[in-house]
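Q: What TrEMBL records for this protein is below:
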SIGNAL    1-24  signal peptide
BINDING   ASP107, ASP371, HIS375, ASP412, HIS413, HIS494  Zn(2+) binding site
BINDING   ASP107, HIS214, SER216, GLU366  Mg(2+) binding site
ACT_SITE  SER151  active site, phosphoserine intermediate
Amino acid sequence: MLKAFSQVLTILLVLGISWQMGHCGVISSLDDNTEHDHRMHPTFNFKPVDRLYKRAMPMLKFDSSKPEEKYLEFWNDVGQDILSQQLASKSLLNTNMAKNVIMFLGDGMSIPTITAGRVYLGGEEKQFTFEKFPYIGLSKTYCANSQVADSACTATAYLGGVKANYATVGVTAAIELNDCRAQNITEHHVHSIAAWAQAQGMATGLITTTTVTHASPAGVYAHAANRNWENDAEILKTNNDPTECQDIATQLIYNEVGRKLNVILGGGRENFLPTSQQGKRLDGRNLIKEWQDSHGPKAAYVETKEQLRNLPKDTERVMGLFANNHIPYHLDADRSVIPSLKEMVEQALEILEKQSNGKGYFLFVEGGRIDHAHHDTLALKALDETAEFDKAIKFARQQTSQDDTLIVVTSDHSHTMSVAGYSSRKNDIFGINNGQLALDQLPYATLSYANGPGYENNVFKAGAGLKRKNLKEINMKHKDYKFPTTVPLESETHGGDDVAVFASGPFAHLFTGAYEQNFIPHAMAYASCLGSKRTACHDGLHRQRQ
């Protein structure tokens, strides 16, 4: 009885806490550089961890978010509205041929990221644009040789239809990590849906907030035994010869798929420039100039938002590299110079529509820095990048017709961030759980990670051991605050759980259920009559593009 009374008093004390945040020494975000990026994606196997046991539910009493939520009519109306929407969106299957295909990839956009992102948008009941798509499925993300995936093997799956080894991209699992010579064996090359689209005369493009040679966009055009081989210097670091196996930047400029891309927008100038021009290339080549020379006057190279907006009307191809490395986080970027993901999509769709010559287009769009923010346990930036990602999706869906444009939104892998505790509705998603104290009588964060660099930022030495810092004295809403972790690691790891797939447009119903990640391009190709495998055209539903 006394124990129960003590628990109730503890809860009351927690509910009466003033949540005014104090000041703290926030660890500034690390500079974007290649070495840091490599630490985010280590090439080793991960060890299993012990189980954690669920504790008893605390005794809580919260007020409803809205007064009307207390009444059954409110929730019955909500349920009926959803029922009407489901019946309207699923009563007739859209089996038109997908003239256009747009794939949006939220790198590291786990289901908890989506859940927490809704609260960031304004409340638990909010929805991202892509969540309103009529069809949703689950994708299994493991690599051919690892339970927890990276962005390279997954890109090979969701773009090429084949599962690959960890940290390899555009090659089959027959290719081991760092096998330079094997990278050149064409029978082990995996060709992406962009290649299938180009074979049908479609316009193609890629957009990313990372370097355009990063693992995800590389899946569009490259074949590499190591995702980190973005320039020749990186190949040399692994004791391999860049004259024997091409780096990814060179492949983008000269390989068939990369050479034919109408749109290339993202970051990563340093991978195309020699060291004498603030680049990283040791071969002395300026691949940007080589790209311009090979495509002539109707190919535009741009580096700023203004240049992108003012492209000549007769532009047939555009390469935009808006940062030396990755594009800065939305919360850090100079918006007068750096275009948003939505603004890049705007320009890309205009060019692709013109250059498609009526045959349609394929566009790959990556919100790549969701992943980077999670690796540094920068939860606020991860959710903000997710919100920016959604703005681009909303624009694309509004600008295209569901009758002829298939849009697929998914993630490559998850992360270890969780949304935990028993907070009340509308509690600050970046703040303290307001439902209970931990056993050390200190509050804990609603958002936390299983591992990562936020560990030491949230504890201090107390005698021979460690003690958690009092989160009431920390400004958790600072954009560079590293959220707490259970295990100290230099970089937080990916998670192995399934990720969601959202689809709208022709044959979007194919994306329901739980399936292997490599199924995704097969379904997109079926809807758009691409590739040599089974398609809607092979099944007699449509004619092939003429």
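In case you wondered, yes, glycine gets a Cβ from its N, Cα and C as well.
Worth saying up front: this structure is predicted, and the values here are computed from it rather than measured.
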Q: Is it possible to get the count of other C-beta atoms within 10 angstroms of the C-beta of ASP412 (Zn(2+) binding site)?
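A: Neighbour count, Cβ to Cβ under the 10 Å cut-off: 30.
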Q: At the level of the C-alpha atoms, what whole-angstrom distance separates HIS413 (Zn(2+) binding site) and SER151 (active site, phosphoserine intermediate)?
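A: Distance between the two Cα atoms comes out at 7 Å.
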Q: Looking only at HIS214, HIS413, the binding-site residues on record, which one has the least crowded Cβ, with the fewest other Cβ atoms within 10 Å?
A: HIS413
Q: List the other residues in this chain whose Cβ sits within 8 Å of the Cβ centroid of the Zn(2+) site residues ASP107, ASP371, HIS375, ASP412, HIS413, HIS494, in sequence order.
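A: The answer, listed by sequence position, is GLY108, ASP150, SER151, ILE370, HIS374, SER411, SER414, HIS415.
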Q: Between ASP107, GLU366, ASP371, which of the binding-site residues has its C-beta surrounded by the fewest other C-beta atoms within 10 Å?
A: ASP107
Q: Round to the nearest Å and give the CA-to-CA distance linking HIS214 (Mg(2+) binding site) with ASP412 (Zn(2+) binding site).
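A: A Cα-Cα distance of 13 Å.
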Q: Mind giving me a neighbour count for HIS375 (Zn(2+) binding site)? Other Cβ atoms within 10 Å of its Cβ, every protein chain shown.
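A: So the number of other Cβ atoms within 10 Å of HIS375 (Zn(2+) binding site) is 27.
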Q: Find the one among the binding-site residues ASP107, ASP371, HIS375, HIS494 whose C-alpha lies closest to that of SER216 (Mg(2+) binding site).
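A: The answer is ASP107.
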Q: Restricting the comparison to the binding-site residues GLU366, ASP371, ASP412, HIS494, which residue's C-alpha is spatially nearest the C-alpha of SER151 (active site, phosphoserine intermediate)?
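A: Checked the binding-site residues GLU366, ASP371, ASP412, HIS494; minimum Cα distance to SER151 (active site, phosphoserine intermediate) goes to ASP412.
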Q: Show which residues of the chain containing HIS494 (Zn(2+) binding site), separated from it by at least 6 in sequence, have their CB under 8 Å from its CB.
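A: In sequence order, the residues whose Cβ lies under 8 Å from that of HIS494 (Zn(2+) binding site) (at least 6 apart) are GLY108, VAL148, ALA149, ASP150, HIS413, SER414, HIS415, THR416.
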Q: Find, among the recorded positions listed as SER151, SER216, the one whose Cβ has the highest number of other Cβ atoms within 10 Å in the structure shown.
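A: In terms of Cβ crowding, the pick is SER151.
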Q: Tell me the Cα distance separating ASP107 (Zn(2+) binding site) from GLU366 (Mg(2+) binding site), rounded to the nearest angstrom.
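A: So the Cα of ASP107 (Zn(2+) binding site) lies 7 Å away from that of GLU366 (Mg(2+) binding site).
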